[in-house]
């Protein structure tokens, strides 16, 4: 190449950089780019920031600390907020630790997977192998835009898409591939990219990859068999030594089991209805929320009953589930501590195995029924059924434990520690919350600002 050619190449390269790089061929993660073209949708989506309140669920239900002993949720668990807080909340939670650099911290990259349209952007740029490799902190400078347009829509379009390849594979597993689905089905499938049960693989070929456990089906029993068949556990319980499963948020699976799912009423129909603006134009309201807040556009399009009647029905279903949920939690807390007493008394692994399996199955079913949040509305009968089987499993475990403790000469009832508050429960487990909170504060003060600065510089190169 001669001098003139080299000079010309340099000019072309410089011009390209000056013009800016594309965010991604398929994904524009910056939600504000769509503000003008889709103004009504953008403004309503932005209104999800109104759910500002942080509700500490461990304060409200201290038994959760014991149920998740040894797992990150025992440190910190708040009620979910609007989509606008997805990145903020995963950054602030104690569950993601206080990493000091990109290679540090307790959690994998997969923890970002449902938080941002930057996730599909990075997957497109690096492949799934590149995206899923490494620690959660590696993604800090990359995953900065909150859940929004590109998570559910094709670039520059209102057309729906599956932006996560692991979710697309899961739909194919159910013989319902996204590209063959109706628009009505797609309106729920895009939500099912995140509002589902999933786990992080532990295989050598796909370490830390997100997978939906749907190979045998989507019911609580089918997924239980799936997990048991490969002896998978999310963690070992710090008190009972049970190989535990942590349900995420199986909203899609429980919706499918209820009257709405079985009649093809989509997530969008109830949570993102068509509304009319002040100019008389209809659009899809992207302020994802409670259907009762927009009753005339949601429930009233199918139901003839009054809002008051419908609210009462839902509240009664919710209360029944809450009452049964609390009973299960009481039994499981005691089962975990009784299992510890059995171990301390010299119980063997052979003696404990069936007991731990009962505890595992009971808590998995309890978590499946409650972690999906809206399941008592989506599938109230199924939730009560599942919680009933959970209570049975917890009772089975405690009966076996009573027999084993008696055989070991342990006086019953055993002495249970005071777990009546979040602080007392965490103290009973030996958790140093003062240190954890101080480390988290330092992380937010030192590393997070660097992430934001790196992201700002990167996005400044985009067109």
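Residue 1 is the first one shown; counting continues down the chain.
For all residues, glycine too, the Cβ spot is worked out from N, Cα and C.
Worth saying up front: this structure is predicted, and the values here are computed from it rather than measured.
Taken from Swiss-Prot, the feature heme c 3 binding site applies to 83, 191, 194, 195. Remark: residue 191 (heme c 3 binding site) has 251, 252, 267, 268 as non-local neighbours, by Cβ distance under 8 Å and separation of at least 6 in sequence.
Taken from Swiss-Prot, the feature heme binding site covers 111, 114, 115. The secondary structure of residue 111 (heme binding site), as reduced to three states from DSSP, is helical.
Look at Swiss-Prot and you will find 149, 152, 153, 286 tagged as heme c 2 binding site. DSSP classifies residue 149 (heme c 2 binding site) as helix under the three-state reduction. Within the same chain, residues at least six positions away from residue 149 (heme c 2 binding site) with a Cβ under 8 Å of its Cβ are 28, 31, 34, 38, 42, 45, 117.
Feature annotation from Swiss-Prot assigns Ca(2+) binding site to 197, 198, 246, 248; the stated evidence is sequence analysis. Following the DSSP three-state reduction, the secondary structure of residue 197 (Ca(2+) binding site) is coil.
Swiss-Prot lists 198, 249 with the feature substrate binding site. DSSP classifies residue 249 (substrate binding site) as coil under the three-state reduction. Note: residue 249 (substrate binding site) has non-local neighbours 80, 194, 195, 196, 197, 371, 372, 373, i.e. same-chain residues 6+ apart with C-beta under 8 A of its own C-beta.
Feature annotation from Swiss-Prot assigns heme c 5 binding site to 260, 299, 302, 303. Of all Cβ atoms in the shown protein chains, 21 besides its own fall within 10 Å of the Cβ of residue 299 (heme c 5 binding site). The secondary structure of residue 299 (heme c 5 binding site), as reduced to three states from DSSP, is helical.
If you look up Swiss-Prot, you'll see 267, 270, 271, 378 marked as heme c 4 binding site. Its own atom aside, the Cβ of residue 271 (heme c 4 binding site) has 19 Cβ atoms within 10 angstroms in the protein chains shown.
Residues annotated as signal peptide in Swiss-Prot: 1-23.
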Exercise. Within 10 angstroms of the C-beta of residue 286 (heme c 2 binding site), what count of other C-beta atoms is obtained when all protein chains are considered?
Worked result: 23
Exercise. Apart from 197, 198, 246, 248, which residues in this chain have a Cβ no more than 8 Å from the mean position of the Cβ atoms of those residues at the Ca(2+) site?
Worked result: 196, 199, 213, 247, 249, 250, 371
Exercise. What number of additional C-beta atoms lies within 10 angstroms of the C-beta atom of residue 248 (Ca(2+) binding site)?
Worked result: 19
Exercise. Cα-Cα separation of residue 246 (Ca(2+) binding site) and residue 111 (heme binding site), in Å?
Worked result: 14
Exercise. Beyond 267, 270, 271, 378, what residues of that chain have CB atoms within 8 A of the centre of the heme c 4 site's CB atoms?
Worked result: 191, 255, 260, 265, 266, 268, 269, 291, 374
